[in-house]
Amino acid sequence: MKSITALFLLFCFLVPSALAQLKFAFYGPSCHRTGSIISSVVAERFRRDPSITAALLRMQFHDCFVTGCDASLLIDPKPGRPSEKSTGPNASVRGYEVIDEIKRQLEAVCPGIVSCADIVALATRDAIKLAGGPSFLIKTGRRDGLRSNPADVNLPGPTIPVSASIQAFAAKGMSVNDMVTLIGGGHSVGSIHCSLFQDRLNDPAMDRSLNAQLRNTCRAPNDPSVFLDQRTPFVVDNAIFGEMQRQRAVMRIDSNLAFDGATSGIVSSFAQSNSLFRQRFAQAMEKMGTIGVLTGRAGEIRRNCRVFNNGR
């Protein structure tokens, strides 16, 4: 009888955590202003700086593709304790102050309720819509991670071969279609420093006029940056896929997607249909936002997105 009671008690403790899942309107009963506060802060920033869409897209990708969508990227390093922010691939990630402001306002009305991981997901979703991208619903209920270790960071680089990129995305449960959609969608509003695409400038297949234009820009000091999408750099749309096909892609991976047998058909379909791209991009963003999420009693709800609650 004692063993049965013990098993029952164990079940009672485990079931809420096991059954806890992401769901729509997760904060409805506990913090109904979550959506309006996030939308307001993101819209205000977008009016001043439309490049914030690219920044938040990159932030969410760099967070989700390490230990999952757990806001581990947001943790500040301390003396003797580096974090994911300390690594080279994350050195140019920006937009943290937007997340800070959202968190400050939410803590004022709903202290200890809304996770930093959900703030990143919702803020990115809102920024995509403001930049002309699709509007979509996402489930919430993520919790914040308790680990941020630079040793965990192993992100795909700008010169990664298509086959290796497919493997990297597959390891996170993402399909080839998801990969093409996310890379193209993210790069539709992104920018890159000249030092990171020198290999592409030496590619004889690259469009000559674009090559000359980029070389001229990159002669300037302090490693200038250029838009990845030369046609509509502040709009989340399908224009970049046509640029890929015309050898006007700035990054090697973007060019390779258009001519690799595993991905060229997907690039072609998106280049022909913005509505198809919008539909798939919304689906891929929703899917990426569920990678390695913590729910239930796992993790914590940080009071400050840059610091673990125990201060370590």
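These residue numbers are counts, starting from 1, taken along the chain as shown.
Positions of Cβ are set from backbone N, Cα and C atoms, glycine also.
Heads up, TrEMBL stuff is auto-annotated, nobody curated it.
Per TrEMBL, these features apply:
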SIGNAL    1-20  signal peptide
DOMAIN    21-309  domain 'Plant heme peroxidase family profile'
DISULFID  C31-C110  disulfide bond
SITE      R58  site 'Transition state stabilizer'
ACT_SITE  H62  active site, proton acceptor
BINDING   D63, V66, G68, D70, S72, E84  Ca(2+) 1 binding site
DISULFID  C64-C69  disulfide bond
DISULFID  C116-C305  disulfide bond
BINDING   P156  substrate binding site
BINDING   H187  heme b binding site
DISULFID  C194-C218  disulfide bond
BINDING   D229, T232, D237  Ca(2+) 2 binding site
D63 (Ca(2+) 1 binding site), number of other Cβ atoms within 10 Å: 29
C-alpha spacing of H187 (heme b binding site) relative to C194 (disulfide bond), in angstrom: 15
8 Å Cβ shell about D229, T232, D237 centroid, Ca(2+) 2 site members excluded: S188, V189, R231, P233, F234, V235, V236, N238, A239, I240
C110 (disulfide bond) versus V66 (Ca(2+) 1 binding site) - Cα distance in angstrom: 29
Rounded Cα separation (Å) that holds between R58 (site 'Transition state stabilizer') and D229 (Ca(2+) 2 binding site): 15
D63, V66, G68, D70, S72, E84 excluded, remaining Cβ within 8 Å of their centroid (Ca(2+) 1): C64, T67, C69, A71, L73, G145, S148, D152, G292
Among R58, H62, H187, which are recorded positions, the residue with the most C-beta atoms within 10 angstroms of its C-beta: H187
